[in-house]
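Record features, source TrEMBL:
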{"type": "DOMAIN", "residues": "23-384", "note": "domain 'FMN hydroxy acid dehydrogenase'"}
{"type": "BINDING", "residues": "49, 154, 189, 279, 282", "note": "glyoxylate binding site"}
{"type": "BINDING", "residues": "102-104, 131, 152, 180, 255, 277, 310-314, 333-334", "note": "FMN binding site"}
{"type": "ACT_SITE", "residues": "279", "note": "active site, proton acceptor"}
């Protein structure tokens, strides 16, 4: 059910004047419009936690802007009366190459949190990745009904905690582990420091509730940064990917790869796939946008494992560009929490539907009827050498 909610959206134009417009939730026509509504509805500490990046937030902006420097080379007069968006990820058939990235603490956005996201992903026929730091447990998310789900893992200093958690995810029917490898220490997120970020008192990190690791302490800076410093294993290395393979038979995706060198090592140690991610620009600032790093990582993987992109996707055109650069699929993060905050499960369903429709439209207007027909020749990127025009 869509609520008839009205909100005020402020957009600054290049001249600096403010354009105020009133919009009803049913009038939302694209994914980015949910953020303004989420900002209106959420407490400042919560909105800032979801929205902000590290330090100068250069990479945060670049994750979006980099897409605008990739242009299309559409092919015309192709029969696009039938378009197939389906694909397989690690052997699982899904309706489209658009999946849900792990985003922590979703009950801060909406009382139903990860339950709503899981149901929306299942309804869309796609994959949801549950965060280690979810406010709903693996068992609770599994109880929402059928669906293909991956589990995102942080490695704690206490390896027994990790082993138990992975085994619980396995028992709950999760199909893969997405190992986050870019967070030996939390990035400097200045909004969280200013807000003294902590979990609202009614919420816990549900997967750790029974072992006294479910709460963030209130501190003079970011409660999450203090939690990570106290609990997450800074010594995590490639040998731990091998160790994980000894405690689970689930395929392991390495999430947080930005270079060809690391892509090659990930393949060598037996990763089932790679997720190109800069953690939503929340870790090291001034790393490239994920769409810029993608092609290098794809080349490093040499076709031996699938490579996915996580970061900055807001349009169906972005999805097409990622696939043209070699991605096997994309994961979306902030659009999920913003739409969840704005309109619960219906919001997340709408975001998935809008991205799917835009992606299908982009395929049709580019002359592509299936994902395998999307090629590097369908785009030209800013970093390409000047093209020599074909001899006619």
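Backbone N, Cα and C define each Cβ position, glycine as well.
A Cα-Cα distance of 10 Å separates residue 102 (FMN binding site) from residue 279 (glyoxylate binding site). The glyoxylate site in the record is lined by 49, 154, 189, 279, 282, and its two most distant CA atoms lie 19 Å apart.
Rounded to a whole number, the C-alpha distance linking residue 255 (FMN binding site) with residue 279 (glyoxylate binding site) is 9 angstrom. Cβ crowding, taken as the number of other Cβ atoms within 10 Å, peaks at 255 among the binding-site residues 189, 255, 279, 314, 334. It is 8 Å from the Cα atom of residue 310 (FMN binding site) to that of residue 279 (glyoxylate binding site). Taking Cβ-Cβ distances under 8 Å and a sequence separation of 6 or more, the neighbours of residue 282 (glyoxylate binding site) in its chain are 52, 53, 54, 60, 187, 189.
The Cα atom of residue 312 (FMN binding site) lies nearest to that of 279, taking the binding-site residues 49, 154, 279 as the candidates. Neighbour counts of Cβ atoms within 10 Å were compared for the binding-site residues 49, 154, and the top value is held by 49. If you take the Cα of residue 279 (glyoxylate binding site) and the Cα of residue 104 (FMN binding site), they are about 12 angstrom apart, rounded to a whole number. Here the CA atom of residue 154 (glyoxylate binding site) lies 19 Å from the CA atom of residue 334 (FMN binding site).
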